[in-house]
Structures are given as structure tokens and as C-alpha cells.
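**Student:** Take this structure first; my questions come after.
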Amino acid sequence: MRHANGRRGDTTIDIGKPVNFTGGLEFSNLTYTVIKKIKDSDGKWLNQEVDLLHQITGYAPKGCVTAVMGPSGAGKSTFLDGLAGRISSLRGRVSVDGMDMTPSFIKRTSAYIMQDDRLFPMLTVYETLLFAADLRLGPISMTDKRQRVEKLIEQLGLSSARNTYIGDEGTRGVSGGERRRVSIGVDIIHGPSLLFLDEPTSGLDSTSAHSVIDKVHAIARAGSTVILTIHQPSSRIQLLLDHLIILARGQLMYQGSPKDVSLHLGRMGRKVPKGESSIENLIDVIQEYDQSELGVEALAAFALTGMKPPPLGAHEMSIVPPSPAPSHREGRGHDRSNKRLHLKDQDFDHSLRSNWNTSKSWSASHSGVLQTLGFSPARHHRDHRNQNSVSSSLGDYAYTSENFRSIPTPHTQSSECTLNENDFMTPYAAANTNAYQYLGPKFANSFLSETWILMRRNFINIRRTPELFLSRLVVLTVMGIMMATMFMHPKKNLQGITNRLSFFIFTVCLFFFSSNDAVPAFIQERFIFVRETSHNKYRASSYTIAGLITYLPFLAVQAAVYAVIVWFALSLRGPFIYFLIVLYMSLLSTNSFVVFVSSVVPNYILGYAAVIAFTALFFLFCGYFLNSHDMPQYWKWMNYISTMTYPYEGLLMNQFQTSQTFGIDPLGRSITGNGILKSLNISQVESKKWEKVYIMLAWAIVYRILFYIVLRFFSKNQRT
């Protein structure tokens, strides 16, 4: 919707009001190539280029549900990622209503709903959608946001679960179907024009799956271009699909209305058995050809040119049982080991071409088609001159009426969507319009507004999961009492001084280890961050600052409780406020370090391993076992980067910067505090102890900056 001044207005999705739309998403010559390691007949490993997607051209109409289907390993999710801009090396052109898709354009106009519903378990359905509205809808009134959320809850059929927690393995919450609908609601609250869904019915029962697709169908009718991948949809779900794109081995097998699949099969000379789904029958036929000597190239040529593929023999047509068909990728190497290359990684088995696909019985008479479609598994040399880049090859492919007349799957006659041939004949000039200037700001809220919204959400999550904070507090309280009773009344000798040094180093280690439980908590939250920021929901900087500010008061409480317990019980000397600040800075720098490590590792097991390994190193080089002056020159740098060095030395300086006697040596000489520091090569100057605080603060800032850099530049849902 545009106002009179040309600016784009607020687009509200009302899925209860069907509207006819034209236009949509177009794509041409989409190709995605990866380098695979393969083993030749001599057992040697070779690098080979393999196309996971190969020259796919088509469209997804606006106001319709476009379903991407195909056998297992057909490239459905890869194709969806390519359309959604999640593959950086994709070649070809993708455009929406004639406007080329750029990363910035995709983030502002689309939403991508993953298979895994990454949501905060301790927020209710209403709160989850309201926070999404806060972050997506910008500075509109809270009343309008609440009305939008209430309307969306009703439209998604979530009224009965409005005040129910999302839940997880440990907390009972909404059902799987309701959870999936909440995920959809989070991403459509701002009315995206493009909606991508990866297997939205995965893991759901038939009733829940139908409910989800029914809501998605209503969203499409409200004006969005909806593209989803789906595997073996039920007959009820098939009635809700408006447009099909069927793939096999990364090539286009069929495109058009589901109602025209039987016509497509009839033109191939195949009849759909009575009572059987035409879509499932087509997928069975695809698998039969894939297992035959002809391969799926024959069907790809038929989809492109209408050239009827040769019929299969009776023994070849019996390869695939009636649907639902199992994945034919499993165990193929056993039957065809002498004719196939052996992959090092079977995950990409679907991308390799059958070496029967170039059989002389078909390719000799259709060499022109194979030249258009083709590639072979042993293709080591590629002509890159004909490969397109999403950003640079805008005019290499042009839709014409002849192209659409030649496609043997008519869609405009039987599809319920309002389609027009001219909707898919977008000239190259259309991509050069000035429509980009009407996309609006990159983010809906200011930096400060985002930070405040994220802080409120963090506080709610902490308040409803108090065990994380309370567990740390209980540990520090119990350990404080134990330390106070164990090290009370130290003796006035060398052993008493050693005991006091042991108390300080154990305190530092205790505070370091108490932050380790942040590893799984953040790793779980990181997936939500990646989902939310992939489409400009908020800035990585605001997320970093909000997380820091949220934990500051909780860290202060932990430090204060421990400090009060041990300070008075052990009659420690020096300013109490300095003792408290050192403990607080130690917690802050350690927490920042643990959060940074958690942002780098892929899972909490490696996270724990990394944190424990660094803890051991920092402990070894902190100066307790060997002071910095006695360390080998090539290891001194470890003393400087150890986050245990500075709180340990700061606590010692606060305790021993005095001429007071702390013990008597074996020769009967007095041991003063300054003498203890001198023996440890620690400064006896009073003002120097504040440098330790500044250094700890600097390390906390450095680790937070590194944390931000990882989030900003390396935490992206994108393939190379």
C-alpha cells in the first residue's frame, strides 16, 4: 500500500479477508555448486564440482501458497534457502514484482520460519507475540500493538492458549501445532510480503499439520507470497496448496497448479490410478526414472520443453512401491557400487548424478536438451561465462509468452489464484526503479528502544527462571560460610600467611567457576538471536548492551553476599568497598569471557570444555604457583591475559599494603604486609591497586566487544 506521496504505508495482514493479488516472486537459472570430495575407481580422493541446484527457473504467485516438493534429497530446503537469500554463492536471478532481491531487500520484506521453533519457553503466547510487535512495529502506540496481537491470536486460532507458557522439555506448555502457529505469528506480525517456511508440518499430527497449513493459506490470501517445503502432505493439505514446484536431484520436474498434475502425467503417457493422489504418483514416477538408466534429466527436459520422455520398461517401473515412498538414497551404493563414485560424506549423495543418466539410448537423440540441462558427475571444467550472479546477471534471462506457452503444466486455467501471464514477464528495466527508497528504515526501533525492549524481556525470563540466579547465589553463600569458618583466625607464621593466600586464590577461582553455568543458557538463546536478527528485528549491539545491563544487578548481589560473609568473619583489612569492587569486577570480566566463548562454540559440551580449559590455563598463569617475574619469557604473555591475575593481585594488595606484621619467620623476624607483596613481586604503592580494577573493567569491555563482533558478523543463518 502506498500513500499519495509515494511512501509505503503500514501493511496489516488480515487473514480473515481474502483479497486477489497479482505478481509475486520470480527466479531464473538458479544454480548452487559445492565442492565435494569423491573417490574414483582407483581409490583416490578428488575434488569435484557438484550442482545441488541446477538452472531452476520459475515463479511463486502472490496471494498463493507455493509448495516445494520432491523425493528425499531433492534439494527442497536448499532451494528455499536460495530463494530466501541464505546462500551467498547462489547464481541466477531472484526478483519480487520486478525488483531484484538484495540482502537488504530480503531482510526488510520477508520472514523465514525454520523447522525448529526457537522461542523463549517461559513467555506466554501473548507475551511472545507482544514482544515481537514491540520489536517489529516500531513507534506506534502500545494500544495499537495490543490490538494487532489480539487480532492475530484470534486469526491463528490461539485464543485458548493465549496465557499459556510456550514451554520446553522441562516446562509444560502449548501443543506442537500451537507452538508452530506462534512461530508463524512472530514472523508475520509486521506483515511481510514474502513468507518462507521450511517443513512447517514436520513433527505434527495430521490435524495439527492441517491447522497450520490452513492458517498459512489464509495468510497467503491476505496478500503475501508464501513458499514452503513439505514432505508427503495429506489429501486435505493438498487442497490448500495453490502452486507446486517439484524438484528431483536439484532440477525442476514440475511447476504449476496441483490440479494439473494428472494432466502433466497424462502427457507423459502415465495415468493416475483410481483413488491415488496425482502428486504422490508423480513423485513415484520421478523415483522410477531416477532409478532407471534414463535418470531424471528426461523428466526435466519434459518440464522445460514438453518433449515426451521415453517410457520405462516393466522391470524399471516396479522399482518404487506405491506411495508413501521411502527415500531411495538409502543403500544405493550396495546395488550400484561398480557404477557410482563413492562419497566421503553421504549427506550430499542426493547431489550426484546417476552415471546411467547419460545413456546412449536417450541422450543421443536428445543431445540438445542435455546440453541445456546438463552436467555430469565427472565435470571438472566449467564454463563460468554462462553462470549468473544474483547481483550481476540481471538481464540474461527474459520471460516471454512463448516460454510460458511451452511449459507443459498450465496453471492459469485451474488454479484458484488470480494469475496473469503478464505478471511473470518482468522486463529488466523494472529492476532499476527507485522503489528501494520506500523500503523504510532498516530497523523499526531506535537503538535505545530496542535495548529497553530486550531488557524487559530478559528480566521476565530471569524472574521466571530463578534457579539460574539462585543456584549461583546459594553456591556463593554456602562456600562463603565454609571459607569463613575454615580460614578464621590464621596463625602468625608462614603457614598462616600461606593459608590466607590460599583463601584469596580460591575466592577468585570460585567466582570464575560460578559463571560457567551461563554456557548452556546463552547457547540456547543464541539460536533465537540468529532467527530474530536474520530479518532486522533488532541490532546485535542493542542485544549485547541489553544482556550486559540485565545481569549487572544480579552480579552485584552475588558479590555483595559473599563479601559480607567472609569480610567480617575473617577480619580482613583494607577498604571493604575495594574488596567488593574487585569481586564485582571479577564476576563481570568472567561473565563477559564465558559469554564470548559461548558465542563461538557450536554446542554447550564444547563450551564447557573450552571454559574449563581456559580456567585451568588462567589459574596456572595467575601468579599463585609462579609469579610473573619467575615465568619463562615466552610464557609471560599468558600472565597478562589471565583474567585471574588481576583480581588475585588486587585482593592481595588490599590485604597486605601495610607495615603491619602478619607473622614471624623461622629466624624470628617479623613478616610485614609490604614484605609479603615484595616477595611476590607485587607493587606496594597504594594507588596501584586501582589499576587492577581498571584492567578487569577493560577485559570485560574487550570480551563484550568480541562477543558483539561474533554476533554481528559471524552468527548468520547463511550457507557459503
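Any Cβ shown, glycine's included, is placed from N, Cα and C.
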**Student:** Is it the case that E532 shares a side of the membrane with G496, at least as far as the topological domain names in Swiss-Prot go?
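**Tutor:** Judging by the topology that Swiss-Prot records, the two residues are on different membrane sides.
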**Student:** Tell me which residue from N20, N681 Swiss-Prot records as N-linked glycosylation site.
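**Tutor:** The candidate carrying the N-linked glycosylation site note in Swiss-Prot is N681.
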**Student:** Judged by the number of other CB atoms within 10 angstroms, which among G70, P71, G73, G75 is the least packed of the binding-site residues?
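**Tutor:** Per-residue Cβ counts within 10 Å for the binding-site residues G70, P71, G73, G75 bottom out at G73.
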**Student:** Between S72, S77, N681, which of the recorded positions has its C-beta surrounded by the fewest other C-beta atoms within 10 Å?
**Tutor:** N681
**Student:** Are the transmembrane segment (576-596) and the transmembrane segment (503-523) close enough that 3 or more Cβ pairs fall under 8 Å, when only pairs 6 or more apart in sequence count?
**Tutor:** yes
**Student:** Do you know offhand how many angstrom separate G73 (ATP binding site) and N681 (N-linked glycosylation site) by C-alpha?
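**Tutor:** Checking the Cα atoms of G73 (ATP binding site) and N681 (N-linked glycosylation site) gives a distance of 65 Å.
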**Student:** How about long-range neighbours of the transmembrane segment (576-596): same chain, 6 or more residues beyond its ends, C-beta under 8 Å?
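**Tutor:** Sequence-distant neighbours of the transmembrane segment (576-596): 507-508, 511-512, 514-516, 518-519, 522, 547-548, 551-552, 555-556, 558-560, 562-563, 567, 611, 614, 643, 647, 650-651, 654, 689, 692-693, 696-697, 699-701, 703-704, 706-707, 710.
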**Student:** Applying the under-8 angstroms CB criterion, which one of 548-568, 605-625, 694-714 scores highest with the transmembrane segment (468-488)?
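**Tutor:** Against the transmembrane segment (468-488), the leading stretch is 548-568.
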**Student:** Pick from A74, K76: which of these binding-site residues has the biggest number of other Cβ atoms within 10 Å of its Cβ?
**Tutor:** A74
**Student:** Using Cα coordinates, what distance in whole Å links G70 (ATP binding site) and N681 (N-linked glycosylation site)?
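**Tutor:** Here the two Cα atoms are 71 Å apart.
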**Student:** Do me a favour and check the Cα-Cα span between G75 (ATP binding site) and N681 (N-linked glycosylation site); whole Å is fine.
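**Tutor:** Given the Cα positions, G75 (ATP binding site) is 64 Å from N681 (N-linked glycosylation site).
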